[in-house]
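*Asks:* Here's a structure for you.
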Amino acid sequence: RFIACPQLARTVRRCLQHGAGPGPGLGPGPQPLLLEFAPGPGILTQTLLDAGFRVVALESDSDFLADLQSLENSLDGQLKVIHGDFFRLDPLTKGALKPPAVSSDKLFETMGVAAVPWRADVPLKIFGIVPQQLERNRLWRLLFAMYECSSIYRYGRVELNLFISEKEYTILTAKPGESRIYQALTVLAQLGYEIELLHKEPWSSFATNLKNGGLAIPKTVQLPNDHLCLVRLTPQQNLFTGGLKPSNASTFIFMVKQSFAKPKSRLTDRLNSWSLDNSDALLKALEIPKNAAMRNLYPEDYKRLFEALQNSDMFAETLFHDEVLASTKIMN
């Protein structure tokens, strides 16, 4: 799906002009830099350039590349076009990468964006529309990279501005106890990102380049899904405080994922299944009720629980080792 409507392009530009990141407004000072992935016909790209943005366009579809490249050639360095696919960044392959696969190192070097410490300001804004095919998988992959500070997140707290389905937005922002929609993804996204809804737009506003002119809108029974939601995901500055670190983040992710394998199960049963003998004392210290169900815990409770388990001599990092390996393979 692509932005083809000039009015929607102007709305998105306004959303991107306000908020955190380099060059917060567009007054005097350096032009803000934006990485736009899959820009398609370049309607938004042109709107951003007119507003003074410097844009790096990452496009994988050769049908659109030629027009974008001729636009690049007509400008004095304000636009850089790269043949690549944002969702094929840093694949686990040996040897040189062939486009549209891209290495984030090369990409950031081309953009002139240097790595900054995690607690520093946002080093880069990214905008794009997440393809509906494997949407959930793509969101998980970004989340993994963020928790492990790998790929784009080796450069700091990169800000994502993504159009995602209303269904996935509802899941990302669910509250504890909302059965079925409060999931492992919810907990990890809310802990990891500041999640901000910038705009909602009906599916019909977006163009597709399919010959028959349409892409099926994913149907859902339980959740609203009439719009695409423009969501800003800014990594939390204080994510890696306490016992959570990029080096043990995958263990934390699997603790949360395993907790939601049976969301109705009680926390004490889950802890006993991890062979913790002192679970009662642990929960008392954390002030979490013994009979709490996994789906009723707040995201912060999961982080506190993980940090307490880290300090408990009963808890072995190797507990989720096999799941970590298996799932990392699947993610890649």
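Cβ coordinates come from backbone N, Cα and C, glycine included.
Got these off TrEMBL a minute ago, pasting:
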type	residues	note
BINDING	Ile3, Glu59, Asp85	S-adenosyl-L-methionine binding site
DOMAIN	11-211	domain 'Ribosomal RNA adenine methylase transferase N-terminal'
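Tell me about the surroundings of these features in the structure.
*Replies:* Of all Cβ atoms in the shown protein chains, 18 besides its own fall within 10 Å of the Cβ of Asp85 (S-adenosyl-L-methionine binding site).
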*Asks:* So how many other Cβ atoms are close to Ile3 (S-adenosyl-L-methionine binding site), meaning within 10 Å of its Cβ?
*Replies:* 26
*Asks:* Across the listed S-adenosyl-L-methionine-binding residues, Ile3, Glu59, Asp85, what is the farthest Cα to Cα distance, given in whole Å?
*Replies:* 17
*Asks:* What residues, ordered by sequence, lie under 8 A Cβ-to-Cβ from Glu59 (S-adenosyl-L-methionine binding site) and sit at least six positions away in the same chain?
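*Replies:* Glu59 (S-adenosyl-L-methionine binding site) has long-range Cβ partners Phe37, Ala38, Pro39, Gly40, Leu65, Leu68, Val81, Ile82, His83, Gly84.
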